[in-house]
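> From TrEMBL, for reference:
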type     : residues  : note
TRANSMEM : B:25-41   : transmembrane segment
TRANSMEM : B:61-80   : transmembrane segment
TRANSMEM : B:101-122 : transmembrane segment
TRANSMEM : B:142-164 : transmembrane segment
TRANSMEM : B:176-199 : transmembrane segment
TRANSMEM : B:219-239 : transmembrane segment
Amino acid sequence: MKRLIVDALDVRYAQHVLFNNAELVVESGSISGLLGPNGSGKTTFFDVICGLKKRSGGEIHRLFSKLLYLSQIIATPPVFRMFDVFNMMMLFCSDTPITQRHALEKIEKWSPGIAERYCEIWKKKSSLCSYGEKRCFFTLSLLSVNADLVILDEPTAGVDPEFRYHIWRCLEGAAAEGVAVLVSSHNVDEIVTHCDDFYMLSQRRFNRFTDAEGFMSRYGGSTLDEAFIHAASLPGN
Amino acid sequence: MCTYPLSKPFLLAILFIKEQLKEPVALLWIVISPAVTFYLLTYARVTGDELYRDYTSATSWFYAFISSSVALFGLAFYIVGRRESGFLRSFVYTKRTKITFLTGQFLAYSFMSVIYCSVFYVLTRGYFGSVALDEWMVIVGRFYMCFLLFSTPALLLTLVPIGFQNSNTLFSICSVAMLALGIGSLSASHPLFNVMGLFNPMGWANRIMLVGVTESAPVVAVVVGLIIVTGWLVFRFLLINPVWSRY
């Protein structure tokens, strides 16, 4: 089985320690969530995996052949329609030509009913699309590429409930076909509900959980959000 | 199917050209403003001899200036813009995608440089007589070499970690300074101007426009060598994250 193994990761900025001996594993065919307060280093961690930031110590073993990463920042040339954006995205992300039909077949199979809204966005001018529409369009389009590791930085931020539903259905569909998904979010509930396992970034480490009870019990909260707040306020964060 | 990776920079270049043509204001300004300036200057100093002046010598500074504008405000400024808007952060984070992006960008603005040159030629040649295909081809060849000459400093400026507005200011300063120094050194006798002129790409571009590509073989060899080295440097050190971003 293919795995992403992060072993004893150290990341430092000048005097600031972001990760200290942090460990995390993502396996093919599963969705792993990543929780953490703002500024805790989730995006930096993704940058480290993608080779955009250097680590101070530790090892990252990436046994996957094709990694795709959707960053928080999504910028599209405003004069383009979204099908141009799609074509541009595929030039960077896919090793083989991907058409709208190919993308629709995949995402409609994973989440029936999404095709209509996807096609509406397809024809829209980029400058007229909302942030949520762009995020959804990017996420679903990326999932249609044949990647075996997909990293998504808050894909559901600013996305309406319908699109959010379809995004998670598609993530689950992709995972069922063997894709490894690492996804961050500030919505604790959706991470706990949809992920096979999830990590809380607290005290410069990744703490692994598989269910809500374990998470709430570890951090002494009666709700998920309360547990998150306790985890985020621990000394060393 | 196996040619798809090789065709990516060309397909990307087509998209970039489409994007540029959908924003015609920049195209109009870069070409129209020198053409208007050319006619104003010609009108202001017109004499009996002026009308019989050689077209190339009458327009060489204008072509040199336009080629610098295409390199600075087309090729390089769009790289800065794509970085600062987060476009590079969204798509370009591997060696392969960097090559695709930089090659596509370079191809797109190589094409655009020919368009800019051709539009200026058509707008100004009529004043000196009718347009001619062979002359147009010679001028395009010289203009493209000037574009390559300016591409080296322009691309190196994209490696400076400054934001969008500051880049705009820096590029404008470079553009005006090169032009002022180039024209100023024409009538200046102080040796300092001669030394500074040696390092002024605008002066060299003017020379290429005047005497031709083959006649400037040593300069052309340096230009080609520099653009290859610059291409590698930009590939190696391309800034991906926006400067405004804490990442």
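A Cβ is built for glycine as well, from the same backbone N, Cα and C atoms used for every other residue.
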> So which of B:25-41, B:101-122, B:142-164, B:176-199, B:219-239 has the most C-beta pairs under 8 Å when paired with the transmembrane segment (B:61-80)?
B:142-164
> Counting CB pairs under 8 Å, which listed stretch among B:25-41, B:101-122, B:219-239 touches the transmembrane segment (B:142-164) the most?
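The stretch I would name here is B:219-239.
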> Should anything in the same chain at least six residues away from the transmembrane segment (B:25-41) have a Cβ under 8 Å from its Cβ atoms, list it; otherwise answer none.
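Those are 59, 62, 65-66, 69-70, 73-74, 112, 115-116, 119-120, 123-124, 127, in sequence order.
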> Using a Cβ-Cβ cut-off of under 8 Å, list the residues of the same chain that are 6+ residues beyond the ends of the transmembrane segment (B:219-239) and lie near it.
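For the transmembrane segment (B:219-239), the sequence-distant neighbours (Cβ-Cβ under 8 Å, at least 6 residues beyond its ends) are 83, 88, 92, 95, 98-99, 102, 106, 145, 148-149, 151-152, 155-156, 158-159, 161, 204, 207-208, 213.
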